[in-house]
Amino acid sequence: MAEEEEPKPPPLRRKSSANYRGYAVEPHAKRQSKISASRKLQLKTLLLQRAKRDLEREEQERAGEKQRHLGELCPPPELDGLGVAQLQELCRELHARIGRVDEERYDMGTRVSKNMAEMEELRLRVAGGRFVRPALRRVRLSADAMMAALLGSKHRVGTDLRAGLRQVRKDEAEKESREVGDWRKNVDALSGMEGRKKKFEAPGGGQS
């Protein structure tokens, strides 16, 4: 029985070919990982546990270093056998030490803030050189265009304050003022007091 011929791999395309779309890679068998998935998971778990223990140990060392430093700076006072005057002197000394520590803390915080501001300024300078800033032009916008840009095209806001006012002509205004000014005459005419008022206003009209 004749042996079957193995299939030949596809020919590699040249870069000068019109249908070339990428670098040609020779076909090869898929590599199998030497470590199984369960073994990988076990190794990751061990690494995470080791990192957790290291972090806990570093935190304990940092806390111990802090306590040691505080013990050197502020040793526990010895109060046995001290009188009132000695206790007062000790209190004044502690208050002075607290003031000095507070001043040092403020100075240190100021230096840290200044350094952070300088670092931020340098970062902005470095980032500013990477981009080309476009030239800004001054554009004059009307009040309606500005409100439309802020509120959107759906909201139409008019800035004409006289739009909602009532328009009154000059002759109508004079008529209304004349009617308002003659309200006493209208009241007298309606009440029948107009003739009597003239009678009393005439000279000697009220004498019989």
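For all residues, glycine too, the Cβ spot is worked out from N, Cα and C.
According to Swiss-Prot, the feature region 'Disordered' maps to 1-37, 54-74, 168-208. Residues or ranges marked as N-acetylalanine by Swiss-Prot: Ala2. Residues or ranges marked as region 'Involved in binding TNC' by Swiss-Prot: 28-73. As annotated by Swiss-Prot, compositional bias 'Basic and acidic residues' applies to 54-71, 168-187.
Mean model confidence of the region 'Involved in binding TNC' (28-73) amounts to 88 (pLDDT, 0 to 100 scale). For the compositional bias 'Basic and acidic residues' (54-71), DSSP puts the residue distribution at 18 helix, 0 strand, 0 coil.
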